Each structure stands twice: as C-alpha cells, then as structure tokens.
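Listed in Swiss-Prot:
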type	residues	note
BINDING	GLY112, VAL113, VAL114, GLY115, ASP116, THR136, SER137, LYS149, LYS158, THR176, LEU177, ARG178, THR179	NAD(+) binding site
BINDING	GLU191, HIS254, HIS276	Zn(2+) binding site
Amino acid sequence: MTLPPSLRSVEVDGAQPYTISIAPGLLADGARLARHVRGRHVLLLSDTQVAPHYAAGVRAALLQARPDLQLGELVIAAGEASKTLDNFSLAITALAELGATRDACVFALGGGVVGDLAGFAAACWMRGVDCVQLPTSLLAMVDSSVGGKTAVDIPQGKNLVGAFHPPRAVIADTDTLRTLPTRELRAGLAEVIKYGAIGDPLFFQWLHAERRALLDGDPAALAQAIARSCEHKADIVARDPLEKGERALLNLGHTFGHAIETEQGYGAPGNDNLNHGEAVAVGMVLAARLSAALGMADAQDTEALRTLLHEFGLPTQIPTGLAPEALLGRMRLDKKNIAGRLRLVLWRGIGKAEVVPDVDEAAVLEILAD
C-alpha cells in the first residue's frame, strides 16, 4: 500500500490503543477507511454543513473497497444545539433499522458535535460497537475526536450524559480544512493554544511566531499544529484514560467556557453566540485571571495568554448580558466537582496547570463580575 506523501501518525496507547492518521486526501482512501470495519454494517453520521461536501465521497470510497457493506446514513442539523438525546435516539434507531450487529462500525464525519453524538451512540448500541472518527474541523482534529469522551447535552448543562468509548481509529483529512469557515478555524486554534498553555512553552512560542501562517490556513503549519496537539493529548490520555487525575488538565478554561455556552445558548449557524472554541478562549483568560488573583500565576503570563488569544482573533471577555451568579450556578454542575465544591483547572503560568479542589466561590464570582 502506498502511503500519502505527508502522512503523520500519532499512536494512542492504553487498553484500547488506536492510531491518529493526519494527511490530505485520506477520506478518498477507501482501503484505509474499510480496514477498520470488522463486520458488514456501517452507519455514516454527519451534519448538514459537512455531508454535502464529503458524505458521497466517503460512501463511494468505502463501497469501492468493500462492496459487501450495508451502509446507512444519518444527517443531523449542524451546530451544538443538535447534540441532544433526541438525535441520539435517531442514531440508535438508524442502527436498529440497519440491522447492525456487534461487529458494526459507526463513522463520525464532521466536527465535535457529530463526533460526540456518533461516539455515544456507538458506545451504547449493543453495549458498544466500533466508532471511527473522521474529523472535519480543526477543533475536532486536535481535541474532541481523540480520547474517547462522548456525550450529549441536556438543558441543565453540557456533556452531562455520556460515556468513555475510545475510537477504533481517528482519520484526519486535512483537505477538509479548506472548506472550514474562518471563525471555525479560529475556534480550533483556541484548543491548540491550550496545549501550549498547559504543558509546552516552546509550542506556545511557536504558535505566536506562526500565527499568520495558521490563520491563513497554511497546510504545513496546520499539520504541525494538529500533530503536536494530538501528541500532547495522546500522552495524557494514555496515562489517564478515564479522567481520574491529570487528564482534567486538558479542561483548562472549559468549566468557565461550558457555563458561558449553556447560559447564553449554544452557538450554531444563524446566531452570534460563542461557539465552543470561543467560549474556551474566554474561559482560559478567566482561569488565568483567577489564578493570578489567588497568587498562583504571574500577571505578565496571564497577559501573554490573553494577547495570544486576541492575536488569533478570539474573544477574551464574557459576552454582555450574562449574569455572574447565573454563570456560577452553571459551574456548580461541572463534572469535575466533588462533594458540591468547585474543582477547577487553574494556571501556574505558561506551560503549567494544575487541578485545584475546593476553589472559593467568592473569588470566582469576583472574576466573573469584573
């Protein structure tokens, strides 16, 4: 088999190891896609933004490599508002109507919403079938497709119903980034910046130096950013697959960010609410400011993080109209909390983060109100 000329691979070790493949043209590689299908039943799950560009090609590539496949398809509306129990039920129904057996495979073709929903359906159908992640957004390539965290949202909060279900493979075709809207590219770069902020000062500096190339969608710069981000996440996930300890560090900014997303209403095509990456960007600044207020981080490092996010065109302030008390109420439902006490990922400066139990709510409220 001939390998793509620029293929990068990242191995995720653990009880269920898998490979992240990163290169252009991978969605057309039917043999690569089909090798992960153990049986004959495949459900291709996508959304209304991605499916028109790529679903037919993926279907054709799979059937060319495996003409015996029985292939079903489910397309949901694009946007975080689709990550619901209702759409989860549609995915389960699609698997049932397909006659999917325990050797079936769900292909998640899309961004983080599709990946989370498809992964959760795969985790639950017959107590677990294979899922292959085909991320088409930068955010999904560097974060949500890797690590096996799957979930849907409910009105009370984000990702509150889900399961750990590692994918059989992650296949990231970087050609899909060519059709990614600029706002979505920047949202993904927020998660990329997070990796530098929590564990890699040199990567943080590289991102500053390469910011123009990354924002312009330079393929080489993006491939390097994706591979480095995946390496960071793979290292942590291998040591802590079920988020019992250090994996929580990957959530820098997420407790604040999820509260913003839930309180304002989820970002989606047609509204101006912050999307996930934008909310995480604001959340990282809030976490850094709280860390500085608690004497954990230097104000100069906090400003360096805020500046870098701003240079990438990302928001750094809470949207107007969100009450601090309401945001704190959302934060109290965060999955990292223990015994009803806030447990936050805070910052020690560029390249250092830690989980802090029992954070003073008054200090958090002061940051939210400032």
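Quick reminder: no glycine exception, Cβ is built from N, Cα and C everywhere.
Structure coloured by features recorded in Swiss-Prot.
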| residue | record | Cβ contacts under 8 Å, 6 or more apart |
| --- | --- | --- |
| GLY112 | NAD(+) binding site | PRO135, SER137, LEU139, ALA140, ASP143, SER144, SER145, HIS276 |
| VAL114 | NAD(+) binding site | LEU45, SER46, ASP47, VAL50, ILE76, ALA108, ALA140 |
| ASP116 | NAD(+) binding site | LYS83, SER144, LYS149, THR150, ALA151, VAL152, ASN159, GLY162 |
| LYS158 | NAD(+) binding site | HIS258, GLU261, THR262, TYR266 |
| LEU177 | NAD(+) binding site | THR136, SER137, LEU138, LEU185, GLY217, PRO219, LEU222 |
| THR179 | NAD(+) binding site | HIS53 |
| GLU191 | Zn(2+) binding site | LEU138, LEU139, VAL142, ASP143, SER229, GLY277, VAL280 |
| HIS254 | Zn(2+) binding site | VAL280, GLY283, VAL345 |
Let me make sure I understand the span of the NAD(+) site: among GLY112, VAL113, VAL114, GLY115, ASP116, THR136, SER137, LYS149, LYS158, THR176, LEU177, ARG178, THR179, what is the greatest distance between any two Cα atoms, in Å?
29
Using the Cβ centroid of GLU191, HIS254, HIS276 as the reference point for the Zn(2+) site, which residues of the same chain not in that list have Cβ within 8 Å?
LEU139, ASP143, ALA190, LYS194, GLY253, GLY257, GLY277, ALA279, VAL280, GLY283
Counting every protein chain present, what is the number of Cβ atoms, excluding its own, within 10 Å of the Cβ of SER137 (NAD(+) binding site)?
29
